[in-house]
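Novice: Here it is, the structure, as structure tokens.
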Amino acid sequence: MKKILLLATGGTIASSETEQGLIPTIDAQQMLSYIPEIEEICYLSGISIMNVDSTNMNPKLMAKIAAAIYSKYQEYDGFVVTHGTDTMGYTAAALTYMLQNIKKPVVVTGSQIAIKALNTDAKKNLTDAIRFANEDFPGIFVAFDSKIMYGTYAVKVKTRSTDSFQSINFPTVAEIKEGKIIYNSILNNDEYRDKFKSHELKLQTNLCEDILILKIFPGIKPHIFDYIKDNYKGVIIESFGIGGIPNADYDIVSKVQELIQAGLAVVITTQCLCEGIDLSIYAVGKILTKYKIIYAGDMTTEAATMKLMWALGNLKDFSSIKDFMEGRFL
Ligand SMILES: NC(=O)C[C@H](N)C(=O)O
């Protein structure tokens, strides 16, 4: 049997009711005691590396999770990270960039209802995550509501329901029904299984925090860009639709040009959840292609955020930052 390590970080899954509201209190060992049957398929150990509501997750804590996986990498065949759902998409994406070429599965999971509560979704999610961590399928994944998704595509789309995660702009990897893993036949899974074979696992946890996500809205005042220019190294602009930024009365495009001239990495994405950008369609999009912008393609904002932090923290020149940002990452 394989050896799987559970790393607990907090979240609703580990929470208890208190007078102040839900607070994470349960450690990794206690969590495993709720799902004793899973010990039939693998050897399980658990460690608690922090206990936070994931609202308080940050780049330094993400680096701590990646470093914990790396330090136990030789001892275990697969890893499960329990995490709050609110920032799970960000952490799953960050782990993908921090642990490039990983050859074992890391499955991030959590729940909408605490593990100790009646009707919890935690036991199912945790069991599914362990089952997938027991496979020979390398990469960083999110397990939620019977679905296995790549960490760079998982987005929390609902605040209350248990089917709160979706894989956005990429197929789910597998579904887990009654304990059976059913791989998605749309993906050529063998190709994904083998993809990291020739490269060494690297731990690179440096993240540049000097970035901003800016959502454009009708009437946005251009002068906010002067502040951005002086205070940040990169900005992700959530433009309209397939990719448009105002260039008429409220001229934002010339402000974008100023940011680029000042040396900032400017990433253009969309505020629509699905289908990504294509700046070649409308004049209001085409105008941007004259400048040295970075295209977010169909990346989620969560992935673009952690990817830009990683790129600015680890790469020096604009062209390697652009290449890294625009490459597909699983
Ligand atoms: N369902 C959850 O886990 C939400 C919680 N606030 C967290 O992200 O830690």
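Even glycines carry a Cβ here, placed using N, Cα and C.
Please treat TrEMBL annotations as automatic predictions, because they have not gone through curation.
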Novice: Of the candidates SER48, SER54, which one does TrEMBL list alongside THR85, ASP86 as binding substrate?
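Specialist: Looking at SER48, SER54, the one TrEMBL places in the substrate site next to THR85, ASP86 is SER54.
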Novice: In this predicted model, what is the average pLDDT of the domain 'L-asparaginase N-terminal' (3-184)?
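Specialist: Here the mean pLDDT over the domain 'L-asparaginase N-terminal' (3-184) amounts to 98.
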Novice: With every protein chain in view, what's the tally of Cβ atoms within 10 Å of the Cβ of THR12 (active site, O-isoaspartyl threonine intermediate), excluding that atom itself?
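Specialist: Excluding its own Cβ, the number within 10 Å is 24.
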Novice: Identify, among the binding-site residues SER54, THR85, the residue whose Cβ has the fewest other Cβ atoms within 10 Å in this structure.
Specialist: SER54
Novice: Around the recorded substrate site, report the further residues of that chain (criterion: Cβ within 8 Å of the mean position of the Cβ atoms of SER54, THR85, ASP86; site residues excluded), sequence-ordered.
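Specialist: Nearby residues not in the site list: GLY11, THR12, ASP53, THR55, MET57, HIS83, GLY84, THR87, MET88, GLY110, LYS156.
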Novice: Measuring Cα to Cα, how many angstrom lie between THR12 (active site, O-isoaspartyl threonine intermediate) and THR85 (substrate binding site)?
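Specialist: Between the Cα atoms of THR12 (active site, O-isoaspartyl threonine intermediate) and THR85 (substrate binding site), the distance comes to 8 Å.
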Novice: In DSSP terms, helix, strand or coil for THR12 (active site, O-isoaspartyl threonine intermediate)?
Specialist: helix
